[in-house]
Amino acid sequence: MKRETVQVLLEALPYIKEFHGKTFVIKFGGSAMKNENAKEAFIKDLVLLKYTGINPVIVHGGGSEISSLMNQLGIEPVFKNGYRITDEKTMEIVEMVLVGKVNKDIVMNINLHGGKAIGVCGKDGELLLAEKETKYGDIGYVGKVKKVDTTLIKGLLVEGYIPVIAPIGFGEDGTSYNINADIVAAEIAKSLEVEKLVLLTDVDGVFKDGKLLPILSSKEAEDLIEKNIVKGGMIPKLQCAISAVNSGVKSVHIINGGVEHALLLEIFSKEGIGTMIKNLEV
């Protein structure tokens with residue numbers, strides 16, 4: 001057992017050296033948030049990344065918590081094309097749950113495990129200027145990112161904090177917007193020009209003919225979408241990945257957040273456990 005431990009450390013060493021001082025944006029959601037064991041493992045992984053000299057920036061979701069509170073209040077959640085239809089009352093609930101509960105729970109868990117986290121949302125420091133998402137008609141206060149101001153994030157990283165970001169943006173008139181967490185993570189990753197964007201999902205990665213694809217170029221990822229090989233919720237995640245790598249992010253990783261220590265297994269091992277998207281042509 002001791003020799004196995006040494007071997008694991010030796011395998012991780014070149015990656016620790018390579019990524020020391022680099023910034024990763026990690027989208028935390030899905031199974032990793034719902035499964036308590038996976039959640040605790042993720043928090044421990046995060047703190048370990050920080051202690052190895054990597055700068056993690058967390059963007060979180062919280063859809064199940066929002067729906068749970070809505071149901072308790074007698075409000076039925078309604079979705080259109082994967083987006084939560086967000087009227088004024090729903091927007092209040094979304095902001096209350098994401099900013100007031102989910103964000104602070106994550107921050108406290110990181111701090112309890114030896115990290116130093118600060119929770120913010122897109123309104124803080126004018127981080128996420130948003131505008132109404134109209135692609136699928138009027139779906140209420142659902143937004144898309146218009147501009148990212150990374151000043152606050154950079155300041156927190158310099159001071160040694162782990163930023164934890166709730167995906168609530170603000171309009172030019174001060175209106176609050178609910179924004180998809182994958183999109184927020186990708187836009188922040190692009191603005192910071194980070195080393196890695198990691199998207200935690202409920203599946204092991206991207207599949208073709210029943211087989212996990214460990215690595216894809218952005219062109220190959222585009223082909224999978226165009227040929228209808230990937231479907232459902234994986235399409236917007238791949239679109240985020242393609243946009244990120246085409247805008248300067250070195251690589252994007254789509255991994256199963258329900259697997260304990262998925263983050264470390266993907267980043268610090270040769271094989272990884274999910275799908276990595278990068279510009280292989282460069």
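Cβ from N, Cα, C; glycine included.
Mapped onto three states, the DSSP output places Gly63 (substrate binding site) in helix. Residues or ranges marked as substrate binding site in Swiss-Prot (evidence: sequence analysis): Gly62, Gly63, Arg84, Asn178.
The Cβ of Lys27 (site 'Transition state stabilizer') has Ile58, Val59, His60, Gly61, Ala181, Asp182, Val184, Ala185, Leu197, Val198, Leu199, Leu200 as same-chain neighbours under 8 Å, each 6 or more residues away in sequence. According to DSSP, Lys27 (site 'Transition state stabilizer') is assigned to a strand segment. If you look up Swiss-Prot, you'll see Lys27 (among others) marked as site 'Transition state stabilizer'.
Packing around Lys237 (site 'Transition state stabilizer') is summarised by its Cβ count: 24 other Cβ atoms lie within 10 angstroms of its Cβ, all protein chains included. What Swiss-Prot lists as site 'Transition state stabilizer' is Lys237 (among others).
When secondary structure is read from DSSP and collapsed to three states, Arg84 (substrate binding site) falls in the strand class. Summarising the environment of Asn178 (substrate binding site), the number of other Cβ atoms within 10 Å of its Cβ, over all protein chains shown, is 25. Neighbours of Gly62 (substrate binding site), defined as other CB atoms within 10 A of its CB across all chains, total 24. For the pair formed by Asn178 (substrate binding site) and Lys237 (site 'Transition state stabilizer'), distance between Cα atoms is given as 17 Å, rounded to the nearest Å.
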